[in-house]
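Features as listed in Swiss-Prot:
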type	residues	note
BINDING	ASP135, ASN197	Mg(2+) binding site
REGION	1-80	region 'Probable methylated-DNA--protein-cysteine methyltransferase-like'
REGION	81-299	region 'Endonuclease V'
SITE	TYR168	site 'Interaction with target DNA'
Amino acid sequence: MLSSKLLDINYWNKFGKRLINELINLIEQIPKGYVTTFKELAKALGDPIATKFVAMYYKKAPHWYRVVSSNLIVSPMQKALLEKEVKIIGNKVYAPIFKDFKSSKPLLELQKIQEYLVNKIKFDYPEYDYVIGIDIGYKNNIIALAIFDKNKKLIETKTCKHNIEFPYIPTYLSFREGIPIVNILKDLDYTALYIINGHGLSHPRKMGLATFVGTVLDLPTIGDAKKLLYGKIKNNIIYAHNMPVGYFVGHYVTIGNRTNLEFLKEFIKEWNSKKYLLPIEVADKITKCGRGDSNPGRD
């Protein structure tokens, strides 16, 4: 039942709308005379990391002006609406912070899926005939695949359209990008190693985009990202969850699924390029032609 849900793009697009509606509902629970913060709303959704999501969508609620930053400073427009309800001196609010939200905490549902998939992670020395780089762009809704043979010869490139409506929330990128990637890869007939523009085990719940795709489809995957999402670096080795999970080589290359650290080191020596591993560098160029730099982030 879980696997069929993970393949259903419409289900996850609806879930994304549910998140936005839940946020609106939470804001409308704030009584007159109270305010709340972005962080309190994120916690009510199930994870304080969702503050950026709250900041992106809170103005969809009729009483959005009751949501303030943690320093309680408000904008002139917000002040004009809020000063009829609470005390404001200068541009600072003096009012009780509402925290008693009634919420279904939808982000906890996503965490449970991530925790379930963690049990499917495998460490292996993969066998493959092709190496496929995968990147997603948003301007023209493109997923790009750069397909190489083992001799680093580019065999072909593919582009597919996607219809992603799930919002961007840090550490939940798999439910935004992983679902359409899984739907494309499940129909490919390649014995391949997949390099995905995102993270692997360097994720708070070991479930970066590369690990998500790898565990759902039981494929060998590697994550390759510009920035470190989670963990620490010592001597160019990336550590997360008290174990080495990858290497910093100007970008962050981490184990996704069915690979291991020794294999990763050998693969990087052969396939590293200027900005990314070669397959991602090619896929990234394809999506940039269509999207510019509008992608909000990479998990």
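The backbone N, Cα and C atoms fix where each Cβ goes, glycine too.
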**Prompt:** Across all chains shown, how many C-beta atoms besides its own are within 10 angstroms of the C-beta of ASN197 (Mg(2+) binding site)?
**Reply:** 29
**Complete:** The number of other Cβ atoms within 10 Å of the Cβ of ASP135 (Mg(2+) binding site), counted over all protein chains shown, is 30
**Request:** Take the C-alpha atoms of TYR168 (site 'Interaction with target DNA') and ASP135 (Mg(2+) binding site) and report the distance between them in angstrom, rounded.
**Result:** 16
**Protein Cβ atoms within 10 Å of TYR168 (site 'Interaction with target DNA'), excluding its own** = 18
**Prompt:** Using DSSP, what's the helix, strand and coil tally for the region 'Probable methylated-DNA--protein-cysteine methyltransferase-like' (1-80)?
**Reply:** 54 helix, 6 strand, 20 coil
